[in-house]
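S.K.: Before we start, here is the structure in question, set down as structure tokens.
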Amino acid sequence: MATDRLYLSALANPQVNSIKNGDRNIYLAPVSPADEPVETYSLDPGRSPIEIYDNTLVWWAAALRRRLVKSVEWESGVIAAMQERIRTPWLDKYFVYTSSFGTHTFFMTALPCLFFFGYPQYGRGLVFVLSTGVYTSSVIKDLICSPRPHAPPVTRLTMGSHHLEYGFPSTHTTNSVSIALFVFTQVYRAYLDASISHTAYILWICGLVFYTFSIVYGRIYTAMHSFSDCTMGIFLGVLLWLTQLFFEKPLENWVVGNGWLGPLAVLVVTVVLVNQHPQPVDDCPCFEDAIAFMSVHAGSLLVQWHSVRYGFNDSYYVVMQPGSAYETWSDVGTWWLFAAIKVVVGVLLIFMWRIVAKSVMHLILPPTYRLLAQAFTLPNRRFYTPATDYDSMPPEMSLRPIPSVIDLPAHMEMEMEMKVDATGAGRRLHVPRDIKLRGAGGTLRREKVTEQMEKLAGGPPAGVEDDEKIKHYDADVLTKVIVYSGITILATEVVPILFEVLGWGTRAY
């Protein structure tokens, strides 16, 4: 066909970064180590033929999705017109980079410091709203499978791998709204107690409003989300803040006050939530974020139970951090020196746990699964390869797609999606970083382009994976649960106890 000849011609041109086949973007990757060009292809999540979703989703989810898809199509035009009028290079960079402050990666980086420096009650509150927010939004995303704004007509600006997830609702918006309301609650209480001045109170409110606006409007400006996505995210953020406000303490008291039934219930509920997470039509990474944060919350509750039962609650920590008097320049220097030492030591211990635990789990879980599979059928998720189908997990398999205290983004560049030029071929305007697709794309040599074009022209059925594609592994699910609950136990109890014993202190006042 003429269109196929156009695509093949584009692939032969080393200056072309990408081409477009209907809704399907085909990205040309950098040359391989053998100096042989390769290409990768992907299908945006939520953009498969509508019949696939109608036949896969439950009736009410399919009906809601049809409404959302129509809304996204209309909103894409509105967002594109908005971008045409107000986009500037400075605003592009501002909203792309500030979006990192609405991610769970950012908060997972900051959370351990609250426990290292004597603010565990705030840390537990943040864990609650973030874990429930990430899990709830990911459940809705995988239930509805709604696409992000269409590119084109919008120009999508992104950082990381968020573009591989569905759009509805916006997790960034959910996180930022719930966090802003949580912080406002603490500031308001401090203001009522006269702990802060009226001026400081007003400044805090202005800062929180500005932060929330930057994140929420930034998701629309960057075309990563539609107005509908952000509206639902705001609603979820408010709802989860209210849930934390009224139910966090009763939940903790129940877990702590019911003996061994408390931790047993935490473990059972966590396993059920992981197992019952909806399975998406496309290979969406929402599930990985969800199980990571549910594991973090489970670890937090287990620490609460253990600390109260065995005397490691707040009253155990009595040592002040050296330099806490903060009266002389010597005090200031001492405080900051020990602060840096504590952060480095704490992060290194978490890093060591992550490496050791992941390696051990990858070693023992696959053969354990294969042994259990001989007795009964093990549950398995779509897109996840069962242990009976592989001998060992590749050494390059890692937890990097999941946010953690050490999983900071390796690249902070901006990625701009497709526009269509005069020839009709889609071109990637600016790709300063490699695109890494998890389970949604493969790497192919140019001599196989014709064969792959035939496959792409027909459109691979959703859920059917090519043998050449990188797959997820079933053992990695339980690995993430153990690793991330362990990270929380280390950050919230083991490391603070170590600081107390060493005389470095965790008391803030």
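Any Cβ shown, glycine's included, is placed from N, Cα and C.
According to TrEMBL, the protein carries these features:
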type	residues	note
TRANSMEM	94-119	transmembrane segment
DOMAIN	117-245	domain 'Phosphatidic acid phosphatase type 2/haloperoxidase'
TRANSMEM	166-188	transmembrane segment
TRANSMEM	200-218	transmembrane segment
TRANSMEM	230-247	transmembrane segment
TRANSMEM	253-274	transmembrane segment
TRANSMEM	335-356	transmembrane segment
S.K.: Between the stretches 166-188, 230-247, 335-356, which one has more Cβ pairs under 8 Å with the transmembrane segment (200-218) than any other?
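M.R.: Stretch with the highest Cβ contact count: 166-188.
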S.K.: Taking residues 6+ outside the transmembrane segment (230-247), which of them lie with a CB under 8 Å of any CB in it?
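M.R.: Same-chain contacts beyond the ends: 125, 128-129, 132-133, 136-137, 140, 168-178, 180-182, 185, 216, 219-220.
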S.K.: In the same chain, who gets a Cβ under 8 Å from the transmembrane segment (166-188) while lying at least 6 residues past its ends?
M.R.: 45-46, 68, 72, 99, 101-104, 107, 122, 125-126, 129-130, 133-134, 136-138, 140-142, 144-149, 196, 201, 204-205, 208-209, 211-212, 215-216, 218-219, 224-226, 228-230, 232-238, 240-241, 244-245, 280, 282, 284, 286, 289
S.K.: Averaging the per-residue pLDDT over the domain 'Phosphatidic acid phosphatase type 2/haloperoxidase' (117-245), what integer do you get?
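M.R.: PLDDT averaged over the stretch: 90.
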